[in-house]
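Colleague: Look at Swiss-Prot and you will find 10, 11, 12, 13, 14, 15, 123, 132, 133, 203 tagged as ATP binding site. Residues or ranges marked as region 'NMP' by Swiss-Prot: 30-59. Per Swiss-Prot, the feature AMP binding site maps to 31, 36, 57, 58, 59, 85, 86, 87, 88, 92, 156, 167; the stated evidence is sequence analysis. Per Swiss-Prot, region 'LID' is recorded for 122-159.
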């Protein structure tokens with residue numbers, strides 16, 4: 001099972017990724033983790049990436065694809081792998097295709113923007129303990145106060161409505177076109193093209209998991 005997981009921020013990709021990983025016995029490959037590991041290990045690509053990052057630059061797609069290819073050589077990838085948060089852009093998808101990285105499925109978890117905004121902007125946190133609440137789905141006993149200490153809850157900057165909307169704009173501009181990219185490739189009849197599946201990310205977690213497993217048959 002070689003898979004790319006797509007979906008907007010707040011769609012529940014992380015939760016579903018854990019279930020998919022467990023079911024198929026495959027590692028979740030995050031480019032952020034890969035970069036940190038390569039830098040720490042001091043691999044040639046890691047050294048190159050560190051130079052760019054230390055200078056405040058963005059690591060090139062070429063370096064990222066090199067890291068991906070190295071990572072896929074590791075033993076835990078023999079039964080497959082799952083990409084989460086990569087590729088993010090069409091040039092990255094092209095680079096992966098050119099590098100011959102095999103993909104069986106592209107699974108999109110679809111959630112309307114209005115639902116994402118409600119999910120994320122409703123989050124509240126008690127910073128000292130890390131306890132989290134949601135104004136609609138998991139409200140504190142007293143509005144705006146932590147259940148245990150009675151201290152104030154805060155809305156993290158990441159969860160503010162305008163921030164969430166900006167992140168969604170970036171997703172729609174850069175990452176959502178990947179669905180069309182992979183669908184067109186699949187429609188071309190190329191045997192190497194992945195199967196593209198879309199499921200709804202609305203409902204209970206176990207319902208979404210059942211949809212995901214069903215789509216990956």
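Each position is counted from 1, following the chain as shown.
Cβ coordinates come from backbone N, Cα and C, glycine included.
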Colleague: How big is the Cα-to-Cα gap, in Å, between residue 88 (AMP binding site) and residue 14 (ATP binding site)?
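Modeller: Per the Cα atoms, residue 88 (AMP binding site) and residue 14 (ATP binding site) stand 16 Å apart.
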Colleague: Of the binding-site residues 31, 57, 86, 156, which one has its Cα closest to the Cα of residue 133 (ATP binding site)?
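Modeller: That would be 156, the closest of 31, 57, 86, 156 to residue 133 (ATP binding site).
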Colleague: Cβ distance under 8 Å to residue 12 (ATP binding site), same chain, sequence separation 6 or more: which residues?
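Modeller: Listed in sequence order, they are 109, 111, 201, 205, 208.
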Colleague: Compare the C-alpha of residue 156 (AMP binding site) with the C-alpha of each of the binding-site residues 10, 14, 123, and give the closest one.
Modeller: 123
Colleague: Select the most exposed residue of 10, 14, 57, where exposure means the fewest other Cβ atoms within 10 Å, treating these as the binding-site residues.
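Modeller: With the binding-site residues 10, 14, 57, fewest surrounding Cβ atoms within 10 Å: 57.
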Colleague: Can you tell which of 88, 123, 156 has the least company, meaning the fewest other C-beta atoms within 10 angstroms of its C-beta, among these binding-site residues?
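Modeller: Each of the binding-site residues 88, 123, 156 was scored by Cβ atoms within 10 Å; lowest is 156.
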